[in-house]
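Step one of this worksheet: look at the structure below.
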């Protein structure tokens with residue numbers, strides 16, 4: 001019975017060889033290539049910070065303005081509108097506003113409009129979107145072509161769901 005049982009009682013245990021940071025231990029062979037320490041003056045640092053701040057301000061000022069409007073009875077549309085606003089803030093200068101708090105005269109100035117609304121009952125408008133609905137229906141035409149998107153929430157159990 002010549003079974004190879006050398007590994008029968010072999011126990012594996014983890015062991016790591018930690019390498020020291022090479023930038024701390026490296027010795028340059030050529031002294032000309034030896035790294036010299038760069039010192040940054042406080043004045044130079046402030047200039048760099050101010051320059052980057054002006055670049056960021058100009059980039060943020062050029063972003064397209066976006067408004068997310070919501071109307072809700074239960075709060076679900078408000079939650080989704082806030083999530084949408086968070087995502088839109090990565091690319092746009094975005095804000096979220098309830099329909100009843102929205103200044104309707106700003107509609108012509110909007111470049112991008114997202115509407116998140118639910119329907120209540122058989123396709124009826126939520127209470128805080130009623131005034132926006134009336135103003136929108138009384139509007140004859142918009143001089144500025146507003147780009148918009150509507151996300152409607154409702155139940156298919158009603159024959160006129162999302163009719164608002």
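Placed from the backbone N, Cα and C atoms, the Cβ positions cover glycine too.
Here Swiss-Prot gives region 'Calmodulin-binding' for one range in the set 42-62, 63-83: that range is 42-62. Cβ atoms under 8 Å from those of the region 'Calmodulin-binding' (42-62) belong to residues 93 of the same chain, restricted to positions at least 6 beyond its ends. Within 8 Å of the Cβ centroid of the FMN site, not counting the listed residues 72, 73, 74, 76, 77, 118, 119, 155, 162, the chain contributes 117, 120, 126, 153, 154.
When each of the binding-site residues 74, 77 is scored by how many other Cβ atoms sit within 10 Å of its Cβ, 74 comes out lowest. Mapped onto DSSP helix, strand and coil, the domain 'Flavodoxin-like' (66-164) counts 34 helix, 28 strand, 37 coil.
Among 72, 73, 74, 76, 77, 118, 119, 155, 162, the residues given in the record as binding FMN, the maximal Cα to Cα distance rounds to 15 Å. For residue 162 (FMN binding site), the same-chain residues that are 6 or more apart in sequence and have a Cβ closer than 8 Å to its Cβ are 119, 123, 152, 153, 154.
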